[in-house]
């Protein structure tokens with residue numbers, strides 16, 4: 001029986017028909033979907049070349065993004081929706097103006113919009129990123145910070161009624177562009193730092209409410225302008241004059257700075273080296289910059305935004321900096337920080353001092369002003385009254401100015417009294433006013449002696465110094481560069497009438513003992529004066545009181561201590577007045593004539609150290625009457641002439657001047673030529689006295705000479721005046737055992753104790 005076979009065939013045919021119908025229905029359905037997606041793609045604001053190649057998923061995400069953007073941009077005001085002509089013209093320039101690209105994020109982090117120039121910054125197409133989540137293309141370490149930026153917190157507290165909608169942060173996104181401009185796969189992409197800044201924009205629901213009575217919640221959108229930070233090695237455009245480069249260590253200390261900072265801010269590049277950049281930040285911007293530097297070392301690049309940087313001489317300038325961390329190619333460790341600094345303004349508030357660095361330049365100016373104020377002479381009220389009077393007495397003006405300012409110059413007085421200049425130069429026919437220089441005030445000014453000055457400085461005293469006797473004519477062949485004119489001391493009319501008056505005053509420093517000489521030995525002689533003839537003046541130096549030498553206890557006075565040489569300190573005893581026979585009255589003709597300070601008595605040929613009164617003469621010559629030339633009894637001694645006209649201290653000055661001249665001659669000539677005798681040792685009479693004696697080298701020498709090589713601190717005692725049983729008006733000082741053992745030469749001048757050796761020897765003796 002064939003009854004069971006036929007139903008099986010019918011069931012197979014029906015199932016195949018159903019499947020075919022199902023495939024046809026699905027195919028029709030897919031066709032309709034494709035038509036719908038095609039129509040939907042045509043509605044997207046994209047070119048046809050782009051939309052024709054989109055898949056359904058891309059069309060859907062692009063459509064959703066478009067709807068979000070429409071929702072964000074929709075407003076109730078129809079007037080604002082009308083696009084103006086100016087806006088249409090500027091729309092094409094907005095993207096060119098910004099260096100980066102525009103990105104709009106939804107509350108969930110979806111990129112609902114990106115501008116077309118994102119491809120130039122990241123190498124990714126706009127269509128490939130729109131509608132996707134931003135977390136898929138950002139660095140995992142930045143996700144938490146990004147979520148915080150997406151959250152829109154409404155102001156619930158009373159203090160903040162309006163929430164802060166501004167955002168500024170740094171985001172690392174994938175970049176498929178290489179340094180050469182090529183595009184790589186997304187899997188091989190690198191991280192690029194973007195400075196994202198803008199605000200949160202909230203879309204409010206329309207006024208109508210849902211039938212249930214609930215209002216739709218507001219939808220926040222994060223609108224960002226993403227600016228990439230260029231690497232310093234990839235900067236193509238040349239930097240302008242308002243931009244300077246700097247390199248820093250990892251603790252932000254300067255290691256290099258461009259020279260253009262000098263014109264912009266006043267700093268020299270050398271002044272900034274090894275200095276922290278935080279020293280030059282405005283205090284109000286320090287916190288912001290510190291956070292920025294944290295981002296720098298965490299993400300590799302940063303842009304500081306606008307901040308204030310201090311100028312050198314006061315004030316500040318607005319600066320924006322793009323900083324980049326440079327990594328080592330071998331171990332990928334950070335090495336340094338390179339900054340591109342853009343100066344946005346000039347120096348503002350220049351007079352405002354904001355740090356101690358800015359006040360250093362002001363200190364010299366303040367000191368200058370203080371010195372100028374202190375140097376201005378004070379005019380007494382009497383002088384002020386004299387100025388108001390129509391006629392000025394020039395003599396009283398100068399004498400009173402001397403009382404108020406004894407050290408002021410004539411120029412300073414005339415500058416303070418300009419009306420006196422008209423009286424100093426009278427017109428034709430006027431009576432010439434004679435200035436009286438014999439007033440008591442001028443005598444007081446000459447008697448006053450200023451304090452000790454620095455021996456290394458030239459004297460600035462205007463007082464008279466005694467002229468010095470130069471070499472005799474017989475010694476001209478020894479020192480050819482020295483002037484051979486004999487300098488004489490002439491007495492004025494005042495000194496002839498009043499023998500007790502002071503015709504000369506003492507110089508301020510030992511350098512005033514110098515005499516005119518050639519320029520080639522002038523500097524050398526001044527140095528020799530400092531080294532060999534520096535001695536403490538026995539007269540007390542004070543501008544306030546004048547006392548006689550015999551009334552002072554010099555052991556109680558503090559001597560002048562030089563700071564640059566090792567001089568032996570000792571006290572000086574008061575000197576006896578000079579006696580050289582009975583003083584004879586001076587005639588007017590002798591007073592007007594010149595008196596020679598040195599005499600050539602039994603002179604050895606060619607030797608300036610041969611006079612009995614010479615400081616370096618032999619004791620045998622001074623003590624033996626047979627060797628010394630007899631002096632006429634009626635001829636007055638030069639020292640007695642000085643006692644008639646010059647005080648005791650003025651005589652000592654002339655003797656020091658002679659010693660300074662002889663010291664220069666010894667410096668220019670050899671010792672044997674200056675003395676003219678050979679070396680010969682001879683003991684000086686007296687216990688404990690050891691002297692260095694030279695011996696005659698010539699066979700016809702009639703006598704021996706003793707040369708004393710003493711330390712410079714004995715110069716004042718060598719110049720001392722005494723009359724104790726000596727045929728010569730000058731006697732040699734009494735040398736102690738201490739002086740001879742420490743300072744006497746033992747084998748030539750090269751074996752003298754110098755510097756530290758002399759100090760150690762003094763310490764052992766003490």
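Any Cβ shown, glycine's included, is placed from N, Cα and C.
Since this is a predicted model, take the numbers as computed values, not measurements.
The compositional bias 'Basic and acidic residues' annotation in Swiss-Prot covers 7-26. Counting only same-chain residues 6+ beyond the ends of the compositional bias 'Basic and acidic residues' (7-26), none has a CB under 8 A from a CB of the stretch.
Residues annotated as compositional bias 'Polar residues' in Swiss-Prot: 479-489.
The compositional bias 'Low complexity' feature in Swiss-Prot is assigned to 490-503.
What Swiss-Prot lists as domain 'bHLH' is 17-70.
Here Swiss-Prot flags 82-159 as domain 'PAS 1'. The average pLDDT the prediction assigns to the domain 'PAS 1' (82-159) is 84.
Summarising the annotation, Swiss-Prot assigns domain 'PAS 2' to 230-300. The DSSP breakdown of the domain 'PAS 2' (230-300) into helical (H, G, I), extended (E, B) and coil residues amounts to 33 helix, 13 strand, 25 coil.
When DSSP labels each residue, the domain 'PAC' (304-347) comes out as 0 helix, 29 strand, 15 coil, counted as helix, strand and coil in that order. According to Swiss-Prot, the feature domain 'PAC' maps to 304-347.
Positions annotated as 4-hydroxyproline by Swiss-Prot, on the basis of similarity to another entry: 426 (among others).
The 4-hydroxyproline feature in Swiss-Prot is assigned to 559 (among others); the stated evidence is similarity to another entry.
Swiss-Prot lists 743 with the feature (3S)-3-hydroxyasparagine, giving similarity to another entry as the kind of evidence.
Per Swiss-Prot, region 'Disordered' is recorded for 1-26 (among others).
According to Swiss-Prot, the region 'Disordered' annotation covers 361-383 (among others).
Sequence annotations record features per position, and here Swiss-Prot assigns region 'Disordered' to 475-509 (among others).
What Swiss-Prot records for 718-721 is motif 'Nuclear localization signal'.
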